[in-house]
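Chemist: Before we start, here is the structure in question, set down as structure tokens.
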There are 2 protein chains.
Amino acid sequence: MLGEFEQIAQIMAPLAQKAKGAFALKNDAAVFHHGAGEEIVVTTDTLVAGVHFFANDAPVLIAKKLLGVNLSDLASMGARPTHYTLNASYPKDITTDWIKSFASGLGEMQDNFDICLLGGDTTHTIGPLTLSLTAFGTISQGMSLPRLGARVGDLVCVSGTIGDAALGLLVAQGKLEDQRGHLLKRYHVPIPRIHLGQELVGLAKTCLDISDGLVTDMAHMQVGIDIELSKIPLSKAAQQALEKDSSLLNSILNGGDDYELLFTIAPEDREKLLESAKKTNTDISIIGRITEQKALRLMKEDGTCLSNITPGYRHF
Amino acid sequence: MLGEFEQIAQIMAPLAQKAKGAFALKNDAAVFHHGAGEEIVVTTDTLVAGVHFFANDAPVLIAKKLLGVNLSDLASMGARPTHYTLNASYPKDITTDWIKSFASGLGEMQDNFDICLLGGDTTHTIGPLTLSLTAFGTISQGMSLPRLGARVGDLVCVSGTIGDAALGLLVAQGKLEDQRGHLLKRYHVPIPRIHLGQELVGLAKTCLDISDGLVTDMAHMQVGIDIELSKIPLSKAAQQALEKDSSLLNSILNGGDDYELLFTIAPEDREKLLESAKKTNTDISIIGRITEQKALRLMKEDGTCLSNITPGYRHF
């Protein structure tokens, strides 16, 4: 096992190479700045072994999830990601090989999203592996996408497909089959919608990322919404699972970890949205609309109400 | 026990009231910016129950330590603190009262240093209470104090007194008496040298805060240093303890958690330094000088070497 300083110098410092203000991770603090007319967007998430991931998950996947969930928060604000800091609390039995694999996962994500490690803190813990990551991005001043403020009549949209990660968790728990591995992959590695988020700046009225589940995150918008069940986009794998067991709809609607964007646009901006979808090569579905009622309702294709829905999930 | 959202809204959101870009802690991310000609200084530290503090320490003290150690890092860079984010992983048995007390400690520190909560993440953990705090400050572009680059002949200085916190740890462990409670207080609540740090911008050649112990942090400067034993500033409580048991010198030199500033100045700036000390109402001691040798040496008053010293402490 490498000592703290060797581990930082040999494994982590290469990830900070491009950030001059990271001082090769030798300083107490790091320095960075934004351009004129921009501001910093900051977000932070903690993942705990045994709570947010399985302790024996591959370290590369844990790294990708940790960065992915934070980048997804930046995406929901419309920001361009730039840097991140990492707080790692390692249990005593962690190995140098584990940390190397973890760092390689961070490195792969860095390359994909053109970001750089800026600093952090390494401690040990008598408990489970605990990882906090704080991600920074920039955006034109005053242009970040809000999560509140959707207006009656606005169209409710989502990117990608919904429910795969929740079903992937069932796969990881041995409760569901997943022949092609699509669901498990979606559970392990969220794809932050960074390009779409930036494209939505000035177009979406409100935006958030689906981390707690479609229904819970719709409730976070604090408005009435009618969503049409048949419009909720499902992957082929999710469709097949649902055909075999219709009770999985509950997981699809309430399960978390999809990290797709949930956003609203004015009805007249439908064409612009289609252009944005094309430009960013992202599937986008219009699944419903903001209503005057304060309820979340699941609607049938004929416009009648299937059921009122309530958020069923809280962290604790 | 309050739920996650109620807890954030009722206990944490008041701490974020002054930061418009914190969006009352209702967003996925927060927004802030610096002025023209400035840059952001960022630092982060994790404290784990059972490793960095005792699980039954008063929550107010834990809060002050958590913010204090991070503000101390900003002080060592010369930055003016502005905001912070908090990642709290709570064990299942945490109570709402505990969180309220913890927040009151944060609030007191906020008022002292004119800073504001900006965002964070709350999770639960199957392990010990784990707290990561990321602090932000600003500084004129390119003016942050480096930790490397001290030159031969530069004077080595420290603020305040050295070793109190290390002795305070012994008090907390029941190994040392502390009639007036000074040592224990220094162990529990570091006083970040924020005003001195800003005053040292443009004056100090290098600067860091003493978190790992005087000797270890001197080693971080990567130069040869002769320090004069009699010049190391000790509190009255530390002096008395040392008189009773001379072996405590080891704790004083190697123990951590003092959070005083260790910095170097050019010999010709001695007068300016005295002015800065007066202006910030801080005791400052010149304890040694940078030498051509690569060793750290403890010197007697007559200029002869008492012993070579080597850092004896690593986190793990």
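Backbone N, Cα and C define each Cβ position, glycine as well.
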Chemist: Given that TrEMBL assigns A:Asp28, A:Asp209 to the Mg(2+) 3 site, pick the one from A:Asp73, A:Asp164, A:Asp178, A:Asp245 that the record assigns to that site as well.
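Modeler: So the Mg(2+) 3 site in TrEMBL includes A:Asp28, A:Asp209 plus, from the candidates A:Asp73, A:Asp164, A:Asp178, A:Asp245, A:Asp73.
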Chemist: Measure from the Cα of A:Ser211 (ATP binding site) to the Cα of every one of the binding-site residues A:Thr44, A:Asp45, A:Asp73, A:Asp121, then give the nearest.
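Modeler: Out of the listed candidates, the nearest Cα belongs to A:Asp73.
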Chemist: What is the number of residues in the domain 'PurM-like C-terminal' (A:151-298) that are helix, strand and coil, as DSSP sees it?
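Modeler: So the domain 'PurM-like C-terminal' (A:151-298) is made up of 63 helix, 30 strand, 55 coil.
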Chemist: Could you list the residues of the same chain, at least six apart in sequence, whose Cβ is under 8 A from the Cβ of A:Thr44 (Mg(2+) 1 binding site)?
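Modeler: Those within reach of A:Thr44 (Mg(2+) 1 binding site), by Cβ under 8 Å and sequence separation of 6 or more, are A:Asn70, A:Ser132, A:Leu133, A:Thr134, A:Ala135.
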Chemist: What residues, ordered by sequence, lie under 8 A Cβ-to-Cβ from A:Asp73 (Mg(2+) 2 binding site) and sit at least six positions away in the same chain?
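Modeler: When sequence neighbours closer than 6 are ignored, A:Asp73 (Mg(2+) 2 binding site) has A:Thr43, A:Asp45, A:Ala135, A:Asp209 within Cβ distance under 8 Å.
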Chemist: Round to a whole number and give the Cα-to-Cα distance in Å for the pair A:Asp121 (Mg(2+) 1 binding site) and A:Arg147 (ATP binding site).
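Modeler: The separation of the Cα atoms works out to 31 Å.
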Chemist: Which value does the mean pLDDT take for the domain 'PurM-like C-terminal' (A:151-298) in this predicted structure?
Modeler: 95
